[in-house]
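S.K.: Have a look at this one before I ask anything.
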Amino acid sequence: MAIKRNQGSNPKPEKKERLTKAETHQEQDNLEESIRPHSFDEYIGQKDLKDVLSIVIEAAKTRNEPMDHLLLYGPPGLGKTTISLILASAMGVNCKITAAPALERPRDITGLLVSLKPGDILFIDEIHRLNRLTEELLYPAMEDYRLEITIGKGQAARTRSIPLPKFTLVGATTKVGSLTSPLRDRFGLIQRLKFYEPEELALIIKRTAKLLNTSITEQGAAEIGRRSRGTPRIANRLLRRVRDYIQVKKFDSITQELAAEALDIYQVDPQGLDWTDRLILDTMITQFNGGPVGLEAVAAATGEDAKTIEEVYEPYLLQIGYLNRTPRGRVVTTVAYQHLGKTGEEQLSIFSEQ
């Protein structure tokens, strides 16, 4: 299989590295490539999704035809790209990887489509961000395996139809509701990736540690797993930070105590909240009495981008019950108050009931 990429709580603490974001693109890519599982046997977690895709793969191979187009949705860092590569490996085809922001002009997507071989997989990340012209070019490509190109303008314009080999489009999105109905309806399979359980993350961490030649105890892996926000990408990143810590401190293995010490330094607490999570919650509590408050108001008060708050931080805060969305806005929950050591639960409960 060939892989091709198209380039295109308390008082506010001192700000530390944000572990929900990449340190450098190259560093992250190198790490992910070195530890990426190559089959569903190696892929930990997402059992229901793996069962479905295993059936789809076997059926497609039996009929000697490509898989149906697949839409994967869920929070970032859960393994959408990895799944597309595993699918390509299982089908014995190439996988071309791109992202919607890189497909600005019609020729960007047409160049990719005409370069596909029979059965190839085209993976488009952030597919909800496709512009209208690019999206409309995909309609006949997905449905009829042809590319409709308009040549000329005005009355002299004419349409040329170019046949395409049968291929599989795998789209990935964090905002499935932002896809247009015509695009969403052309996917034969729509599957959601869920946050991982701490036990699953501990298994991922142990596997990664072995590949990185780093010794780690069961308890050490569990400690990192608990603080990884249900996300393998973050688990692997935290593991690397803890590995740095034990190497500098001259320890031989990652234990629970050392993992906790290291992650406390990076201000990743036992619930997986980092500096920005606590800033968001603290701002909502101190400036907006816990809510309800709109997303734009939170963004303005914290200095964070509204889209980043909504797509990167909110999903986990909602998942663990620290934040609620109401028709009037976001509301901090009682358990979040308790975790941050704040008071004001009675006032919070009044807002929650409205």
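Just so you know, glycine gets a Cβ as well, placed from its N, Cα and C.
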S.K.: Among Arg132, Arg184, Arg186, Arg243, which residue shares the ATP site with Ile35, Arg36, Gly77, Lys80, Thr81, Thr82, Glu143, Asp144, Tyr145, Tyr196, Arg233 according to Swiss-Prot?
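M.R.: Answer, per Swiss-Prot (ATP site with Ile35, Arg36, Gly77, Lys80, Thr81, Thr82, Glu143, Asp144, Tyr145, Tyr196, Arg233), from Arg132, Arg184, Arg186, Arg243: Arg186.
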S.K.: Would you measure the largest Cα separation among Ile35, Arg36, Gly77, Lys80, Thr81, Thr82, Glu143, Asp144, Tyr145, Arg186, Tyr196, Arg233 for the ATP site and round it to whole Å?
M.R.: 37
S.K.: Write out the long-range same-chain contacts of Tyr145 (ATP binding site), meaning residues 6 or more apart in sequence whose Cβ is under 8 Å from its Cβ.
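M.R.: Sequence-distant Cβ neighbours: Pro163, Leu164, Pro165, Lys166, Phe167.
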